[in-house]
Amino acid sequence: MNTGIIDLFDNHVDSIPTILPHQLATLDYLVRTIIDENRSVLLFHIMGSGKTIIALLFALVASRFKKVYILVPNINILKIFNYNMGVAMNLFNDEFIAENIFIHSTTGFYSLNYNDNVINYNGLSRYNNSIFIVDEAHNIFGNNTGELMTVIKNKNKIPFLLLSGSPITNTPNTLGHIIDLMSEETIDFGEIISRGKKVIQTLLNERGVNVLKDLLKGRISYYEMPDKDLPTIRYHGRKFLDTRVVYCHMSKLQERDYMITRRQLCYHEMFDKNMYNVSMAVLGQLNLMNNLDTLFQEQDKELYPNLKINNGVLYGEELVTLNISSKFKYFINRIQTLNGKHFIYFSNSTYGGLVIKYIMLSNGYSEYNGSQGTNPHMINGKPKTFAIVTSKMKSSLEDLLDVYNSPENDDGSQLMFLFSSNIMSESYTLKEVRHIWFMTIPDTFSQYNQILGRSIRKFSYADISEPVNVYLLAAVYSDFNDEVTSLNDYTQDELINVLPFDIKKLLYLKFKTKETNRIYSILQEMSETYSLPPHPSIVKVLLGELVRQFFYNNSRIKYNDSKLLKMVTSVIKNKEDARNYIDDIVNGHFFVSNKVFDKSLLYKYENDIITVPFRLSYEPFVWGVNFRKEYNVVSSP
């Protein structure tokens, strides 16, 4: 990134509509590398650092020269990008061609380019002389989207901007695909990746490191937001390697059915959904069903003496005593004394969703816009509520998040508990979350960071002095109390195989984290910085941000104010051109946010420049139709 741009800002105000200095510095780098040099870039910015706005600002710059195609994982994130495109346009302060920008979900893009599951090669010529931006690039490989991107790269010879907060998902294979997509050479994966018998033994070898450094030199942008504007994280439980884990000791009932499931149903235990299920809760015969939908249709079927299922509804005293779930026993007991909002991650959406719903209802927590809990717990005279986010409710996710993130819900009085499966990706932001729970141990370091990154990010907290509490729950045997202090103690399979499933997953997670961190440090070292005058294509964008910062603190100045002129000439060296720019923003009534007047426009009054507050007003039920194309970004589901 261009550190010369960062040096132009002093005490940047982040609390107003703004482009952050590192975003402008990165934008400069992207314009030079992708547009000027026609080279692909991996934007490896850690979650919460504003990759989306950087990508959209770049798309606006690039739209003057080429067509820009933006691919996002799903329809919900498509909506987020469309909303953020409006934000980016308002901050851009320069010309762009909106008709040249196309935003698609991966499924929508697939339907445009495949006929009967076969790539329409004749149609790919439309992507000549274009730029592709791919959000969450680490997730596109191993499916048709990844295949299509590779074909477009080879056929059209175009550059890619790949966005990722975690370019390694499970193994270095993902990074290998990214290298292949970004470089002009074909990668032989067998040469760069060493494979053992286990996933954790998949490593980027020395040849791979050299290939990485050679092919991606000058193509990596790494950035991690300083944590000075973030709350501290307080991990709960006992020390486990470099973190803390809550040991949830199973009851005899849970341990018995847990062991039956482990022996009878788990041929590849680490990746078997049955172990995810029984580590969360056991449900008797439900554990042994391969088709849960069949059992959901049973009427008054007994799972345990105190637990039955009827047409997919669980009921019975066991939902309160919770011998079926050591994790929920800890969770329910703990939340009674906690204040604030909770975000709870789980991975087994069908089974887990059933368990969560009826345990919560039975223990006095009401479903948001649904059933009321038994003897409901209250907050501010209203029931404490929960919601469960799974892939089955995509259409209502945005509305739910609007409620969860609203200022009125900072205390959780509207919606306190948000349970989410894997549908929630890093593109979503959760605000004012004070408690983060892991009901399922994540598969990868990337996934773990994404879950934390949904909540713990810049601008998500009004008060950063209060910590965020993290609870990593592990279901363990009733007599299990091992101290896990070093990975070196668990290098032999026979030692690992006797461990509880969740503990094994944690160890595998840490083994893979070791390799991930090694590669991330290489990528970080490859990220280049330089100090140059801003690229001509972003001068007006940069000046717009400098002006916003200046007039935040200045409500009224002399027209020939020396500080304003000095600021503008730091970018436009010619004083006459600088004065012309000042004339343009005043006569054009540039929009600013002022600390006294809030939303304001710049005006000339006698020999002064003043900030004039404004408010939009309208008559009820009056519609205005603008026949000019106000918003031309094309999107498809």
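Using the three backbone atoms N, Cα and C, a Cβ is placed for every residue, glycine included.
The shown structure was predicted, so the numbers you read here are calculated from the model rather than taken from an experiment.
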What range among 135-138, 231-234, 243-246, 527-530 does Swiss-Prot describe as motif 'DEXH box'?
135-138
Among the binding-site residues listed here, Ile46, Met47, whose Cβ has the fewest other Cβ atoms inside 10 Å?
Ile46
Once the chains shown are all counted, how many other Cβ atoms turn up within 10 Å of the Cβ of Ser49 (ATP binding site)?
22
Summarise the model's confidence over the domain 'Helicase C-terminal' (327-507) as a mean pLDDT value.
88
For Gly48 (ATP binding site), just count the other CB atoms lying within 10 A of its CB, please.
21
Through the lens of DSSP with three states only, how would you label Thr52 (ATP binding site)?
helix
